[in-house]
Each structure stands twice: as C-alpha cells, then as structure tokens.
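Chemist: One structure, pasted below without further comment.
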Amino acid sequence: LEFCVVCVSPEEERRVRANDREYNEKFQYASNCIVTSKYNVITFLPVNLFEQFQEVANTYFLFLLILQLIPQISSLSWFTTIVPLVLVLSITAVKDATDDYFRHKSDNQVNNRQSQVVIHGSLQKEKWMNVRVGDIIKLENNQFVAADLLLLSSSEPHSLCYIETAELDGETNMKVRQSLSVTAELGDPNSLASFDGEVVCEPPNNKLDRFCGLLCWRDCKYPLSNHNMLLRGCVLRNTETCYGLVIFAGPDTKLMQNSGRTKFKRTSIDRLMNTLVLWIFGFMVCMGVILAVGNAVWEREVGSLFQSYLAWDLPVDNFLFSAFLSFWSYVIILNTVVPISLYVSVEVIRLGHSYFINWDRKMFCPQCNTAAEARTTTLNEELGQVEYIFSDKTGTLTQNIMSFSKCSINGHAYGGFGKKTDTNTPYGTRLDFSSFNPLADPDFCYYDNGLLKSVKLGDLHSHEFFRLLSLCHTVMSEEKKEGELMYKAQSPDEGALVTAARNFGFVFRSRTPGTVTVTELGRPVTYTLLAILDFNNIRKRMSVIVRNPEGRIRLYCKGADTLLFERLHSSNNHLMNITTDHLNEYAGDGLRTLALAYRDLSEEQWEEWSERHRQADRATDCREDRLADIYEHIEQDMMLLGATAIEDKLQEGVPETIAILSLANIKIWVLTGDKQETAVNIGYSCKMLTGDMTEVFIISGNTVLSVREELRYSNYLYSSLYPSISLFLPLAIYLSIPPSIHLSLYSSLYSISGEFALVINGHSLAHALEADMEGEFVSTACVCRAVICCRVTPLQKALVVELIKKHKKAVTLAIGDGANDVSMIKTAHIGVGISGQEGIQAVLASDYSFSQFRFLQRLLLVHGRWSYLRMCRFLCYFFYKNFAFTMVHFWFGFFCGFSAQTVYDQYFITLYNIVYTSLPVLAMGIFDQDVPEQRSLEYPKLYEPGQLNLLFNKREFFICITQGIYTSVVLFFVPYAILSHGTQGTGEPLADYQTFAVTTATALVIVVSVQIALDTGYWTAINHFFVWGSVGSFFTIMLAMHSQTLFSIFPNQFHFVGSAQSTLVQPLVWLTIVLATVICIVPVLAFRFLKLDLKPQLSDTVRYTQLVRQKTRKPAGRCMGGVRVGGVPEGRLGARGGFRRSGYAFAHQEGFGELITSGKNMRLSSLALANFASRHSSSWIDTLRKKKHSNTHPPQTARDLPLFPRKPTTPCETDRQMDR
C-alpha cells in the first residue's frame, strides 16, 4: 500500500488536541486519504516501463533491438524484434492500467464516503479523505467508523455503544465500548465544540486489542484503554448516535497498519525462466565466441586469399575485427533460442486459463449470485503447486451461524435425523411451533417431535432444562411490539440456546439489573437475579443465582462438561455416565457441547455466601482470585440436568474439501482470532483434527522459556515414535540442548509427516516467531498434518505465512474473507478472497475470489493442476522447437566460412515463431489435459507432481534442449549428406543453397508438428485446425513467396523465383524429409513406450483404469488417493470416540455479567438488532477416510507405545496400489 502522506520520523508518542487543527498539523500526522493504486497519469508510463524492464527477458530483447539497428552486424531486419517487443510491452501495460483503474475506483469510493464533523459548533459533512486528526465525528447507527476514534459520548445509557468488528477480527458478535464518564455529558455539537482536551497516547501500531493513553482535560488526567476506542473498519450497531475524537487517521489506523504492503507476485516458473534465460544467453554467447573464433581463423587462413576481388567491408580492416563483428551478428541470429513470442504466448495462455476460471459454472454460487473471479493472470500455474494453505475460520470455514441441534435431558437423547419417533410426525420434518407457542421464533429449525411432546406432557426435567437456558445467560432482549422479540447476544452460542428455550415455551422477555422476566408456557414469571457468576477462560462456565416467586433460591450453571462434572453430587454418577456417552456422540459429530446443572440453596447458605462475595468484590488486592474462590465454593454438589449440542454451521462442503486437499498432500493451517477451544471445535467439525490422531500438541506458554520447552517436548514425543531419527536422550537433557544444535540434530523431522496436529495461541506464537525460536517452531509444525493458531493478530497471520515461505521454500496460499486477513492474503504466494458477510476488503486484496470455501478444491485440483501441466508442456515444447530451429544456424556456420549467413530466408525466420508454430503450441497450452476433470478430483495424488515441481525444472529443461539439439543435428546433416551428392531427374546437382534451405525448413516444420501431435494429450477441433492448418499455411506461404506474382511486384525482396516449386517436386527431397522425420521421431516414440511400460506415471495409470472401466462397464465410484467414495449416501463424518469438546464458554467474553448486574447496559430505546436466524447446515460425506498410514512409515515398535493409539488401516488396497 502507498499512502498520500508525507514521510516523517517514527513517533515516540502521539499528542492530539481536540478541535485544534492548527496545533495538530504541526506534527504532520497522516490524513485520512487512502491510496492503494500504484500509478497516476504522469507516473504510469515511466514507472510501468521501469517495472517491465525489471524482467530479464525484456531487457535482453531491448539489447538485441539496439544491436539490430547497427547495419555492420545486423543479419536480420530490426522489425523482427521491435514489433513483438512493443506488442508485449503494450499488452502488459494495458493490463496493468486496467488493474490500477479499479484500484483508483475502489479508493475513490472509500475516500469519498461522507462523515459528519463538528466544526465551529455545528455538524458539517466532510469526505473521509478530508477528516483530520483531532476532529470530532458524529456516527449514526449502521455506519462504518471512518478513523480510529476515542469515544466521547453516546446516545445510550452510561455512554455505551455497540460495535461489530467483523472487518477487523472476523467476529460478527457485538462488542461493547464505553466512554469516560467525564466526557459522557458532551452529547451535542455546541458542548463538543468547546471541548479542548488533549490526548497523549502510544504511536500508531498494529495491536488491535491494546491501546494506552491519557486524556488531559480541566487539569485532570484520565487513563484510556482499548475499551474506550472505536477502530476504523468497525460498524456501529444498535446505537442511535455517538461522537468520537480522531486519534489515528488513514494509514496510521490499526486496520491499515495490519494490511501490509502490496507485493508484486511472481510464480516459481517465472523465476526459473529468468534463470534459464540467463543460462541460454550464456550458452548463446559461448556459441557466438566459438563461431567468432572460427571466423577469425577462417579469415586469416582462407579469407585473406580472396582479398583481391572480395575485400572486407568497411570499417573491417583485419581478421580480429571481422571476428568481433561476426560475434555480434551471431548473437542476433541465435537469439531465437528465446524469442520474444515466448512471453507473448505465456501471457495469452495465462489469460485463457483465467477466463476458464471465470467461466466455470461449477464455481458459481446461485445463492450469492457470485461467480469465481481470477483477479490476476500471472499466478495460474502456481495454483498447481500449492503445499500449504493458510485459512481464516470465521466466514471462511464456517458461516458463523449457531443452531441448537441436539440435547440430552435426564439421560434421554433428543435431536438428529434418520428414524421416526412418532407415527404422525416423521423424524426429519421441521416442527411448527406457532400453534404451541405464539412467541416462537419462526426461523428456528428443529425436527424431533419427542422433545416437544416431553415439554407438552409436563416433564419436570425438560421444563427445568429449558428454564435454565432461559435464565442462565447474558443476552439482552428488545420487544418493539408485543410478541416481536429480538435478542442481542454477545456470542452466537448464547443466542442459539436462548432461542431454543424460547421455542420450547420458556421465553426470555426482559431483564433489569435485579430481575429476569420469562414467559413459561404462556405464564409470565419474574425471577429475582441475586448474582451472576461470570465466565472466564479458567472457569469455563457461568452461573446465575435466582429466587423464584415462591421464594426458593436456585443456582443454575452451564459450562464445559470436563469441569462441571467434577462439581456434581455423588448421586449423579449413573446419569453422568449416560450423559457422557451422549456427549461423546455429539462431539464425534463435531458439535459444540455444553453441560447443564443446578443446585438448590437455603436462605442461610445464600446469606452466608452473599456476604463473603461482597467482601471479595470489594477487595483491593487479588480481587479476581478471591472471587474465583467464592464462585468455586458455591458451585459444588450440583445436580446434573443434561447437555446441549450446538452446531457451528460449516460452509457447504468444507469437510470434504479439507479431506480431499489433505489427500493431495496439501497441509492446511487455520489462523484465527477466535479463542482456542472454539477453533479446536471447528477443527474437529471440519475433520482437520480427528480422534484417532496420534497426538495433538498444545502450545500455550506465556514466556519464551515455557514455549521453547513445550515445542521441544512436542518434538521429543514425536521423535520417540521414530527410533530411526531419535537420539535416545533423556527428556531433561533433550530440553537443555542449545537451539543451534537442536535444529541440526532434528533437521530430519522436516521431511517426515505423520498424524499429528499442533494448536498454539497468540501469546505463545509471538515468542515462537522470534528469530532464535522460529526454526524450532517450524520443525514442530511441519511434521503435523494440521496446525491451528488461535487468538492471532492480522500481522501474526502474515508472519506465519512468511515463516513458511522462508524455511520451507514451498508455495503458499492464504484464504480469508475479512479485512483481518488482508495482510496474510498479500503475503502468501497466492491470495484467495471469500466474498462473504465480512465486507470486500479480502476480495479487493486477493488474486482469486469466490463465495464458498469448497470451490478451493476445484480451483487447485482442476484449474491449478491443468494450468501447471499446460504451462510445463508448453515451455518444454517451446524450448525444444526453438533449439531445433536455431541450432541449425550454428552447424551451418562451419560450412559457410563463419560468415553469419542464415540457413533460412528472413521471412521464414520471422514467421516461424509467429505463424508456423505459434498456434499449435498455444492450443496445447490452453486446452491440453492429461485426465478429465472428474479424475483430477477423484485422484488427488495427481496433484503431487506440481508440488514436487517435476514437470518443468532444470533437468527437464536440459532434456528438452538436448532433444532440440539432436533434432537440429539431424535436420542439418541428413539433408546436407543426401543433397550434397544428390541429382535431379535431369542429372543436374541438387546441392544449391536455396534447395537446401527449403528442404531443411520443410523438414523442420513437419518434425515439430509431428512432435506437438505426440505431446498433445487432449485433442479438440481447435487443436486439429491449428496443427494441420499451420503445416498447410507453411506450404501456402512458402509457395506464394517463391511465386512469379510476388517477384513481379517486389523484385528486390523475393529473389528466388520458383525455388520452392522446383525443390518440392523432387522425390529425393521428400525422401530426405521423411528420413529426417523418422530419425527425429522414432527415438522419442520408443522412449515413451518404454517409459509407459516400465515406469508409468499415475496419470497414465488413471487413463488406463478409465479405459478398463469403460470396457467392463462397471459403475465407477470416486476414489481419492486410494479411498473410494462412491455409492454411499451422504451423512455426517464418523465419530471420534473418546474425545469431548465443550465449545460454548470459549466464544463468550468475560465481564459481561458485571455490566448486566450494574445496569449499565440496560436499554431505554428500541433499536434494530442483528438477525440470528438459523439455517440448515450441509450434510457431510460419511466415507472420506485418511491417507494410508504407511505413507509416513512409522516403525513397528512405535505402535506398541501405550501412550499413542494405533491408526486403523483403511480399505481399497487395489486403488492404493494404483496411486503408488
């Protein structure tokens, strides 16, 4: 990103005075103008040309053009180089200008948004770009925050305001911000205009969750924290108006500080081509030197004898100068080994691949009416080489929509699909709650009539279950009119649970700081709210203590089952065992589970505990620890009610996509700002994490030392499973190894991958990314099949991607949908934006965009793989045909006195790469396939050659040019040997220059055309037309140029009238052409047949298998890397036995209960709230299984370790043998 600001020295602190632009401008703070474009009208031409000539090839061709303008050394006309060079530069410039135009358009759209600024006591409309630091801005409901603001006042009670931070951290739940009490009364423009407070705070930084500063006003200082700030990118929700003081603007805002810089991305093939161009240039210089030396020797020994009648042209006066000029002449002649048409063709092929992505109807989302879009044309083949995918969670893997799915009440399980529980209501038909409960949410979906019947029949346990859900929460309710309820939950989990209770007859209606009003089966009941025992990350539960109208006091608790079960009364053991089985089943389905319990309290117990709670609450030291002890004391001997299971709705096809990409040897890392348990639950839901993984490493240390020990301990556990790489050191000694020795000893871990996973939080990651520890982190993470990084900042996401790029030299892809993912998207080799619910920031910064994560498998396994395959085949053939074409000049130099005479006429040289051979190779590069798209998806192992860079590398390049040199030898010496002694039918000799040139050129065109016919794996009508049409065009053009007609029109240009006609009627010439073609092609055919028989590639086996299937006419199932997926109905993935996860508490924020009991967040006005409508989740394929365990080849002794379960063996051995 570039910004329209003046660069100044880094700030040590920032001072901002309200309503004083003159004072603030002397610090030269950045304006609020954002510029993401690269050019303007003045700078476009020079900057763009400078960027284009950074390409080695463009500079090389410019150098050749200069040489061709020197008549003494030019053997070819200058137009043969300048026309294609200008064409390439123009096409690239138009593409860059178009891209930058859309950046300008986006910038103008943002910068011209309107905001209301307090100026001289009145509100005036200003564009965002004109807002300055120190201005006071008025925001209204549902408006974006224009800059980083200090909240001064709000229309809400206690100066609270509610914001949505999806653009920042991907979370769509509401967050609360509050102004200082001293500024809360500044609620109108007149009072705000007189506000002259000064803020002293930290300089601009990228830390989204931290702000430190002081407000100096009226001779007092007031501390400021992140709780008082509204950051750019947030949206004001459920708040009529608020006012804020601009602290950071434009590029200084935390959103932009986390955006990173736009990087020029190039593919690995581009980088390799630059290297190869330099090598080819060196090779060409060597050939030029050889021929120049030959020229010097020939001129001195032989040429000097002809000086009397064939003198040197001026200014040549000796054989050395003649050799010098000859060198540059041969550089010009031999430059066609890398013609500029190569780069034109590459751009055309990439453009075609981009259009294929844009036109793919299978990547079109009808719900969003959004098609896939290739926003760049330069990275298509890189899509076929991805090894690491870095994904956001919220909005990318999930829809961030929670729905009440299943529950267990007093040992009875409810919910799910697949059977009938009532003769009248089929299980799977959505229940209609409207007749039973007029206050039911019409968007609520549930299918088990048994649970509704239990409530209707008056089951006490069911009533108490839903009563707990309607009371134990921190949800706020608004009722615009009778019966039209809207819930505002700070976590979507809570909203789902309260909505479930509402539909089953226990409707939460309203609350005050001391009461909760619920409608229970149509009867209004008001409970006295005695206490809220708030959630935190250590407790992993929350409780409320209420008194019912009869005076009975009861504690209701919900939280993580692992902690809540420890606090149950001993009489619950049998029920706890049954509920545990249900929880295991729910967790196996990837649901977020939660246990519910209650405890009755006597008046004496309540009074005693209440007094202790008041004392702890008033403590000045260790207040949190004291309160935790008090909470722990009352949350004992509880009675178990049951458990809930909430589905965090994944996007359609996410588990299948992750499974398929894993089979393609692509490692997926989830980088999310969510809490650890939330992210882990999603990991299990989408099958990144599974119950039969050998080990899931948890890194949660808060210090450098603790993180290092945890990383080393993880490595130690891993190495203990692999005695072949283990050092057999005791753990204490292992942990004390210095980092440098540790990395050198365990570098072998990099190449091994097992069924392991790593989970690390943001605090630990900050230490793991330090220079002295990053190697150990990478060595641990890269042996894991899945990595989840939790609570990470946008910048940390980018640093993780950069770390893998640095250490693994692998192609990385980042995918996300929010502004918090922009930095990661820009850092990765390939950035993919999801056009979801969190704005378009990610899409604007991306290289590719679509609406669903599931389209990623098609983008990579079909379009990416084909693009890589086509580009590699194109390059191999292109280098082959041009070495075959150019090296003939080299051999001819030894027979023409090293005079820089060309074998072919200049028209053939010009048209060879533009007409005769350009279209067939373009057709292959655009349309070629090795297997159909269905097989590309069914056999993900086909993707691995791209990851290993097997199809085009330095070895393949040398093979291509060797074949090209061999072909040039055949094409020169076979005609030379035959024609030098051949005669026409009249007895006249055939050994003349023009006959030899026509014969060689014809043989060359036929040989390279036959070769591309052999290389083409997928024939279309276009391929046939281009291949055979190019051969026909060669004969047509050649006969036309040697015709009497053209000679009569241009006698000085076309000298050899009738040469082609007279040559091509000679049987000996055609015998020569056929013999040269056979000698060139037969070895290639023999080699390919032997390779296919002795060492077939997987694609060869897949094609053969497809032919066998077609012949036997058996129904074909899907097989993915050896795992068949055909003929099984869709359903949920298999359960993970023995693993239980409770996800509710961890999507919640601490401190919300205190806001409720203090009354600060009680609403006085009715405002529109977010709609937390539930939708059906997509079904999952039941039969996807993991890759074969033997891929990692753990030794037999490792399986005997009791600490780690053995991975089960999967079926389909026949298909696996094929995959090998």
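Cβ coordinates are placed from backbone N, Cα and C, and glycine is handled just like the others.
Worth saying up front: this structure is predicted, and the values here are computed from it rather than measured.
Among the features that TrEMBL reports, active site, 4-aspartylphosphate intermediate is placed at ASP392. Here TrEMBL flags ASP392, THR394, ASP817, ASP821 as Mg(2+) binding site. Taken from TrEMBL, the feature domain 'P-type ATPase C-terminal' covers 843-1096. Annotation comment: TrEMBL describes 1185-1220 as region 'Disordered'. Marked as transmembrane segment by TrEMBL: 60-89, 276-298, 318-344, 874-895, 907-927, 957-978, 993-1014, 1026-1047, 1067-1090.
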Chemist: From the Cα of ASP821 (Mg(2+) binding site) across to the Cα of ASP392 (active site, 4-aspartylphosphate intermediate), what is the distance in angstrom?
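Modeler: Rounded to the nearest whole number, the Cα-Cα distance is 7 Å.
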Chemist: Quick one: find which recorded stretch in 907-927, 957-978, 993-1014, 1026-1047 has the most Cβ pairs under 8 Å with the transmembrane segment (318-344).
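Modeler: Answer is 907-927, with the largest number of Cβ pairs below 8 Å.
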Chemist: Taking the transmembrane segment (1067-1090) as the reference, which of 907-927, 993-1014, 1026-1047 gives the largest number of Cβ pairs under 8 angstroms?
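Modeler: Highest pair count goes to 993-1014.
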Chemist: Can you say which of 957-978, 993-1014, 1026-1047 has the most Cβ pairs under 8 Å with the transmembrane segment (907-927)?
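Modeler: Result: 1026-1047.
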Chemist: Which whole-number mean pLDDT does the model give the domain 'P-type ATPase C-terminal' (843-1096)?
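Modeler: Mean pLDDT, the domain 'P-type ATPase C-terminal' (843-1096): 91.
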Chemist: Let me spell it out: for each of the recorded positions (ASP392, ASP817, ASP821), count the other Cβ atoms within 10 Å of that residue's Cβ, using every protein chain shown. Which one has the most?
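Modeler: Selected residue: ASP821.
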